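*Asks:* Below are the features listed in Swiss-Prot for this protein:
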DOMAIN    3-56  domain 'ClpX-type ZB'
BINDING   15, 18, 37, 40  Zn(2+) binding site
BINDING   119, 120, 121, 122, 123, 124, 125, 126  ATP binding site
């Protein structure tokens, strides 16, 4: 496909897919009456690679290896190698257990539900969301803070099973092979160590209600959701083979662990370590069932979660990688927003490190990166549609610190830069 360029005797060739001219791209590949540019070829390769990675879940035996699952998680989640391995092995074994159950073997394989423990902003929820994209079984996420005991205002525990059923398009057989991720599980901890005469309907009561569906029971689920009533028809869902993954920040758990460690380290030969010098993730690695019980989880609930994986604090280097490397990295997102106005956006290396330092100081982990970026670029994005002749916006460390405005580079002044 060719178009004559106005004022030019030679014909200019254009990409048949994106419409860019041969002068706007590095290469233009010709075919019979059509052309494709190098940028479109790259985009097609990305799509093919992504589909190839996701295709592993439909292999001939239907069991992806833990390494394959980890490789896909690596594309979206930076660091947390131990937690990735725990999840990958759990999902791999979940597939194997389902295949094993269909063969009517004498040995019954029990499921190993997982508890993810880690500071806020370390990637617990993102790991679960990424798993949902790559696995070939129904997957749903639930928020523990919305759950209450049956009969009280709030969501019934059985609504989790309903969400899984909806994810399986109401195919009961598929739903019974699914995976459930319950977020903010630490928010349903018992309010105090001592039994109370008042009912704890959103804490211990929810833990009691979750016990049965996590271990395995036949749940009666109303097809349309909501509260049950006698005239209603119910769908029967067996939760025995549903894998449950629970995650929470468990703020304050590190103090319980440190206190236990301090009690053991008494005497002249004891090694004295200042708790302030140890990072939260490092302390959480030493978590034991007794610590979780002191935090407020009941022993029966802890027993239903035999696998405990802890996530590490994210250091400066990891936060810089999170800003730039994942497919949906924050820097890439803002660059795309600026591209829509035909303006480039560049963050200098020192600016990225300064953003990471700010997030560490706020103790918000990766979750705090977006709000910091938003604050830095707010004024620039407000004026962005009105900029004329601006080719690029550059953010350096001084801008992040609030001591300067982003630098504006104008098309006619490529050698110089003017302050916004």
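Yeah, the Cβs are placed from backbone N, Cα and C, and that goes for glycine too.
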*Asks:* Looking only at Cβ atoms, how many others are within 10 Å of the one on residue 37 (Zn(2+) binding site)?
*Replies:* 24
*Asks:* Which residues, in sequence order, are found in the same chain with Cβ within 8 Å of the centroid defined by the Cβ atoms of 119, 120, 121, 122, 123, 124, 125, 126 at the ATP site, excluding those residues themselves?
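*Replies:* So the additional residues around the site are 118, 249, 311, 365, 366, 367.
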*Asks:* Quiz question: given the binding-site residues 120, 122, 125, which has the greatest number of C-beta atoms lying within 10 angstroms of its own C-beta?
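*Replies:* Top count of Cβ atoms within 10 Å goes to 122.
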*Asks:* Ten-angstrom check, please: count other Cβ atoms within 10 Å of the Cβ of residue 121 (ATP binding site), all chains counted.
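*Replies:* So the number of other Cβ atoms within 10 Å of residue 121 (ATP binding site) is 23.
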*Asks:* Compile a sequence-ordered list of residues in the same chain as residue 40 (Zn(2+) binding site), six or more apart from it, whose Cβ lies below 8 A from its Cβ; state 'none' when nothing qualifies.
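*Replies:* Non-local contacts for residue 40 (Zn(2+) binding site): 15, 17, 18.
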*Asks:* I need the CA-to-CA distance for residue 122 (ATP binding site) versus residue 37 (Zn(2+) binding site), whole Å please.
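*Replies:* Between the alpha carbons of residue 122 (ATP binding site) and residue 37 (Zn(2+) binding site) there are 39 Å.
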*Asks:* Could you state the whole-number distance in Å separating the C-alpha atoms of residue 120 (ATP binding site) and residue 37 (Zn(2+) binding site)?
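*Replies:* With distance taken Cα to Cα, residue 37 (Zn(2+) binding site) is 43 Å from residue 120 (ATP binding site).
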*Asks:* Let me know how many other Cβ atoms fall within 10 Å of the Cβ of residue 126 (ATP binding site).
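*Replies:* A count of 20.
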*Asks:* How big is the Cα-to-Cα gap, in Å, between residue 121 (ATP binding site) and residue 37 (Zn(2+) binding site)?
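*Replies:* So the Cα of residue 37 (Zn(2+) binding site) lies 40 Å away from that of residue 121 (ATP binding site).
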*Asks:* Could you state the whole-number distance in Å separating the C-alpha atoms of residue 123 (ATP binding site) and residue 37 (Zn(2+) binding site)?
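*Replies:* Answer for this pair: 37 Å between alpha carbons.
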*Asks:* Write out the long-range same-chain contacts of residue 119 (ATP binding site), meaning residues 6 or more apart in sequence whose Cβ is under 8 Å from its Cβ.
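*Replies:* Listed in sequence order, they are 249, 280, 281, 284, 311, 313, 363, 365.
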*Asks:* Whole-number Å distance between the CA of residue 125 (ATP binding site) and the CA of residue 37 (Zn(2+) binding site)?
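*Replies:* It is 38 Å, counting Cα to Cα.
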*Asks:* For the recorded Zn(2+) site formed by 15, 18, 37, 40, which further same-chain residues have Cβ atoms within 8 Å of the site's Cβ center?
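*Replies:* Not counting the recorded site residues, we get 16, 17, 19, 20, 25, 28, 35, 36, 38, 39, 41.
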